[in-house]
Amino acid sequence: MGWPWAPLTAVWALGVMGATALRIGAFNVQSFGDNKVSDPDCGSVIAQILAGYDIALVQEVRDPDLSAVSLLMEQINRVSKHEYGFVSSKPLGRDQYKEMYLFVYRKDVASVVSTYQYPDPEDAFSREPFVVKFSVPSCATKELVLIPLHAAPHQAVAEIDALYDVYLDVIDKWNTDDMLFLGDFNADCKYVKAHDWPSIRLRSSEVFKWLIPDSADTTVGNSDCAYDRIVVSGAHLRRSLKPHSASVHNFQEEFDLDQTQALAISDHFPVEVTFKTH
């Protein structure tokens, strides 16, 4: 296809901020599998985007044998001067359609301390969170817990609310409240309306700080919806936030793509936040 982004590999893919800041992102890479990662145009851009983060959540991973993930990791490690590793959930879903949560992380910055699959006793989630505790020695908290969610669109209100139960479960299990909830919550437009927010505990409780505003547009297409979100809890982690760093990463502009080219990669933009390190 001869896309025009080739010269833009430079700074973003090198992850140069990693020594002075911790950048975390969440990216719903629509229907990520062998076809997408092996497409030289799509695979290269996805790898470059992910190599810009110290820790990144990838959603809509449909790759039970990890063949696409293995190729993705090769591509990330080829474009970055740093070595990346990954940890993933099992395929999740109530019916034949299943997705995996995938975290990729820069090995010299972060390491996996522990993981667990939220047991979901009330069957609140279509794809229950795969909870990961990372060690990040350069961060003030030293450890932080990442809780991913790709919410089923028409159950988004109930699923976002149920993240409060995951919050309590993590506190009970690991005795920490330094958590980052992130992913495609489908938290806007026809799935979550203004009158729904008061009933969502993750939103109504002052324990949580929502970093991506309702006014954001995290979609690549013509819609204007803040589907993808990042929510932080824990006094230590909140104090470590780099002010005004939470944002939507518009890779269409970054790589100078037209909308058709961008939509071939995903119908979502990544969302991201940066934490101060020492």
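Cβ coordinates are placed from backbone N, Cα and C, and glycine is handled just like the others.
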Of the candidates CYS139, CYS189, the one sharing a disulfide with CYS225 in Swiss-Prot: CYS189
Residue, out of the disulfide-bonded residues CYS189, CYS225, whose Cβ gathers the largest set of other Cβ atoms within 10 Å: CYS225
For HIS150 (active site), nearby residues of its own chain (Cβ under 8 Å, 6 or more apart in sequence): ASN28, GLN59, GLU60, GLU99, TYR101, ARG127, GLY183, ASP184
